[in-house]
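*Asks:* Quick one: the structure is below, and I'll ask about it shortly.
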């Protein structure tokens, strides 16, 4: 897709130089485009875009890109695409304006950055990366936080940048990425506009490290989507990583957490999970989910799932 290729070319210019540490031939990237109330609302365009993006990111990982650069690039491209509830196409809050949240984490050193309630930043995930790399903080929020990330170099969105929310039939979802690079490092990133007509100032799981995003080389890289309050209460992403570190597969670990969230609580959602061996899973408890995957031994694919039971694919 011409638009995708141009976005990638533009984004790469802002990335750090690709790593030269190619001690392993293994690499992998998993992406999600959010949890949906109805899987039939996921469009062909959303499916095609996320598959081609996974293929592009996979090639960059093959050529030596770091996991943390890969997840920022992937999430940034989805923010720019206007196809998902993140960045340009974020859903508006109760008062009719966009508030964006994002986070990123480096599994090699547990460094993390997060931003919340940004109203005029073009790429929230890049703002989160700046917080991680150029400050001593892990999270900044609100108008003061937005002023701070602007001082760090985050670009202000141009006038008319944000698109108006569509109908339910044109449903959008949160976006996220997990990656394993050829140095054996993991990373994760997530970005969202939150849920429709949320109270201004509300923060969900996405900017909360350990809830919506987590990465640890000893465990797993995790990006979540769904009912954020429940992911916060269950420290879902961190708990999933700990279960992988304790010996569970990514699928079993994430399914365990999702089942606990659902049990009598209606905490619906999905996670993408990737471990240091390249094992990937995308279980869900919501009625619709979209994800994509590519690796050194698996050609890029995208998949949408409909239905309510906890479960999902594993690679």
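A Cβ is built for glycine as well, from the same backbone N, Cα and C atoms used for every other residue.
Below are the features listed in TrEMBL for this protein:
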{"type": "ACT_SITE", "residues": "174", "note": "active site, nucleophile"}
{"type": "BINDING", "residues": "202, 203, 204, 205, 225, 226, 227, 228", "note": "substrate binding site"}
{"type": "SIGNAL", "residues": "1-18", "note": "signal peptide"}
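Describe the structural context of each listed feature in the structure shown, including burial, neighbouring residues and relevant distances.
*Replies:* DSSP assigns residue 174 (active site, nucleophile) to coil, not to a helix or a strand.
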*Asks:* Do any residues at least six apart in sequence from residue 203 (substrate binding site), in the same chain, have a Cβ closer than 8 Å to its Cβ, and if so which, in order?
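*Replies:* Looking at Cβ-Cβ distances below 8 Å from residue 203 (substrate binding site), excluding near sequence neighbours, one finds 101, 116, 117, 141, 228.
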*Asks:* For residue 202 (substrate binding site), just give me the three-state DSSP call.
*Replies:* coil
*Asks:* Pop the Cα-Cα gap between residue 174 (active site, nucleophile) and residue 227 (substrate binding site) into the table, whole Å please.
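*Replies:* Their Cα atoms are separated by 11 Å.
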*Asks:* Taking the Cβ of residue 228 (substrate binding site) as the centre, how many other Cβ atoms fall within a 10 Å radius?
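*Replies:* Looking across every protein chain shown, the total is 27.
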